[in-house]
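This report refers to the structure that appears directly beneath it.
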Amino acid sequence: RSSPFLKMAVHGPVVKIHPVVLASIADSYERRNEGASRVIGTLLGTVDKHSVEVTNCFSVPHNESEDEVAVDMEFAKNMYELHKKVSPTEVIIGWYATGFDITEHSVLIHEYYSREAVNPIHLTVDTALQSNKMNIRAYISAQMGVPGKTVGVMFTPLTVKYIYYDTERIGVGLLQRTRDAPNRAKGLTSDLCQVGGAATRVQDMLTTVLAYIEEVLSGKVQADNSVGRFLTDLVSKVPKISAEDFESMLNSNINDLLMVTYLANLTQAQIALNEKLVIL
Amino acid sequence: RDVAKRARMSSAASSATRAGSLNGRPGRSCIPIGPHVVLKMIKHYQEEGQGTEVVQGVLLGLVVEDRLEITNCFPFPQHTEDDADFDEVQYQMEMMRSLRHVNIDHLHVGWYQSTYYGSFVSRALLDSQFSYQHAIEESVVLIYDPIKTAQGSLSLKAYRLTPKLMEICKEKDFSAEGLKKAMIGFEHMFEEVPIVIKNSHLINVLMWELEEKSTVADKHELLNLSSSNHLEKSLQLLMDRVDDMSQDIVKYNTYSRNLSKQQQQKHQYTQRRQQENAQRQTRGEPPLPEEDISKMFKPPQPPPRMDTLLIAGQINNYCQNVKEFTSQNLGKLFLAEALQGHNS
């Protein structure tokens, strides 16, 4: 009776993560103390009716050994107070840990966080890449067991989504382009180069689309109606303007921009001149 | 037709000058920045910045020989009227102490500030940057332009005060003679330091994962053709500054006119005195005592030149931004032309 697509159960809020949180977690993992196998920290954000938005985080020092775990709670409280001064709307919504699995120590830490927040979220990020992937998962705890007997805690998984502000998306776009650079370093280019880069990207996309169309026309690939509809949309998006109208619009825009450039140059020459006269 | 040719040449020229200044001065290498620093700054402005208010924060990192590396940052709360007892220094000290526990570099290597359309050259910035640079020679101020970033490309620039300006700030000699002696022009106030974003391998893995998992579509704001709003605002700010500048110039002109008038008066007075003395000598009377001329004619107060310098620097910055913007837009217009050319 079970369906072939067994998805993770979604019995809780949707977790929306901003990329800044993941980047900070990666950074704290890189800075961990010698001998520590994982890093934990607090997650800050806002809670909605059906979702939880994680917007910030900070790492908390802790010691973990085979049989005991110690978390610096004073530190966590202090840091939260300091963070509240900058963004008063952020509240503690849970905690994160790097590593693949949920251990028994996690249960204890989760209990501590249950005192700080209502229904805390637990986020795991596998920074050691044990499964060749950075499994980013979120859990919420639920009580389980037979009533009357010992009660256990079960961590139920939640759906994780990534959300970005517009400016964040542009920042992440730049970071993604950095990963292709040879020594993982990338400078910020001048404006005109950026337009060139964007144009190249659009050109690449057009080449891919054209290759697909060629294949469909020659019968190698089955034609897909929905893709065809998108293509018609695409072609009709370029506005049909008569040649003279377009040329006059183009020229007037170019004239405006040239005039502004000329004025800017004139102003710069003027202040340079003024300075020379004053220093005389 | 030749309008287009002229446009192409001017856009090439302005982009060439821009590329030249981006190479940085010889001997000053690039500053690597960790990617989470960039994301944190973006988030800080997005959540706490409204309109023309600036958001500020502190940059942490290390100084390796003479190179600077920025590895972390934390934001500064806004100055509100009701937090009269808020102690900035205490906040900073507590933050740094806590961060030390989690192995984050706690060296203050600079600070960052958001800007509104590129206006950041002010006395306050100068003073803050001077105090930072006095402590650590390599410190920089990162200027983040959120409006330009929202238009498609991350706009982050690092500035440092030139050694000449540092000298002047140290002497606190902002008078006209001091500035003349140091031969400071508005172009020599700040030097831009190129920055590089350095990804660690882990962050690279994260980026690959995000690309796979996230379904956020690219909105291509960079290729947006509408530009008049941004241009209007920039030009409005430029006009305000030029007005300030012209007022300053008027003040200076009146001052120099007053000065020359006074010189003339002094000259006349000494001449009359000498004549009288000569006459008295012929008559055999004792000459009149020499009076202190400078006390009689008090020299007019020269207007302060530092503000003019700052305004000139700001105007220069606006002009540079406007030129960059126009060259980018010209490129986009030619792109649109090419697209139409295929169709018509």
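Glycine is no exception: its Cβ is also placed from the backbone N, Cα and C atoms.
Automatic, uncurated: that is what TrEMBL annotation is.
TrEMBL lists B:1-27, B:256-307 with the feature region 'Disordered'. TrEMBL lists B:9-21, B:261-272 with the feature compositional bias 'Low complexity'. Sequence annotations record features per position, and here TrEMBL assigns domain 'MPN' to B:31-165.
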Just to be sure I understand, if DSSP states are collapsed into helix, strand and coil, how many residues of the compositional bias 'Low complexity' (B:261-272) fall in each?
12 helix, 0 strand, 0 coil
Within the predicted model, mean pLDDT of the domain 'MPN' (B:31-165):
81
What are the DSSP helix/strand/coil residue counts across the domain 'MPN' (B:31-165)?
49 helix, 42 strand, 44 coil
Which numbers of helix, strand and coil residues does DSSP report for the region 'Disordered' (B:256-307)?
34 helix, 0 strand, 18 coil
